[in-house]
Amino acid sequence: MSEPKNKRQKREDYRAALRANGVTELPRKKFYRQRAHANPFSDHSLIYPPTPEQMDWASLYPHYAVEEPIAQKTETTESEETTGQELSAPAIRKLTKQVEVADIGCGFGGLLIALAPVLPETLVLGLEIRVSVTQFVEDRIKALRVQNEEQKLYRNIAVLRANTMKFMPNFFNKGQLNKIFICFPDPHFKARKHKQRIVSTTLNSEYAYVLRPGGIVYTITDVPDLHEWMVGHFNAHPAFERVSVEEQEADPLVEIMRNETEEGKKVTRHNGQKHVALFRRLEDPQWPEDVSA
């Protein structure tokens, strides 16, 4: 008589069966459970590109990919008269547009799913460090694409397992993004853990690097102390200014951010308060003219 399967084996069997038949039905969250938080300073055996140009975006957004030929050159010797002759080679797949919106710590993908039909012409990427949670969002998007194939929905969203505290500039070029969402991040209550918070002086400089002037960072949390921390750090950074409350409340994406994330829904169920703040990326100051020239 075989022993009953443990929970881990049940989860693995469920995911394997789902993918073996092609992901056509929405995944069940209970088979993708994982610890609520992960240490961003641990070695997570992540795969990341050396530069943004070397990132394989076509595998995440196949409907926006086109093939481009690669020109190769022949090897020549000193005795050969011809050099640099081009040869035919396999094509590489490139996107017709770049990712412009990033959801950092996307969790189970609630915001991604809600943004897909609202920003139909924009590529949106969720970044999540936890393995099982990333797999859930990946399977969820695959199923939604299949179920909405005729309407061509959910092709503009994708998820990537990544540690943005370490590797964000490896994925995005300078000024590539126009929106960054930071929704209900880990508060890391203990003072000695504050260095693990996703908003800091150093990380804000990286957000400023990948965000184009005029772009917006959206933040939301149910922890007042963390809200004050994020506001303080963004206000202190020379590349950002806080968006007025009037402009913030007029932004339709704010209401989506409040209500569509799994964490946001949990806060609503418990009658909690949600603290929102938006920050605009400022233009870089001009370099002073060289008076000695």
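Glycine too: its Cβ is placed from the backbone N, Cα and C atoms.
The feature S-adenosyl-L-methionine binding site is assigned by TrEMBL to G105, E128, I129, N163, T164, C183, T261, E262, E263.
The active site feature in TrEMBL is assigned to D186.
Residues within less than 8 Å, Cβ to Cβ, of T261 (S-adenosyl-L-methionine binding site) and separated from it by at least 6 positions along the same chain comprise G107, G110, L111, C183, F184, I220.
A straight line from the CA of G105 (S-adenosyl-L-methionine binding site) to the CA of D186 (active site) spans 9 Å. Between the CA atoms of D186 (active site) and I129 (S-adenosyl-L-methionine binding site) there is a gap of 12 Å.
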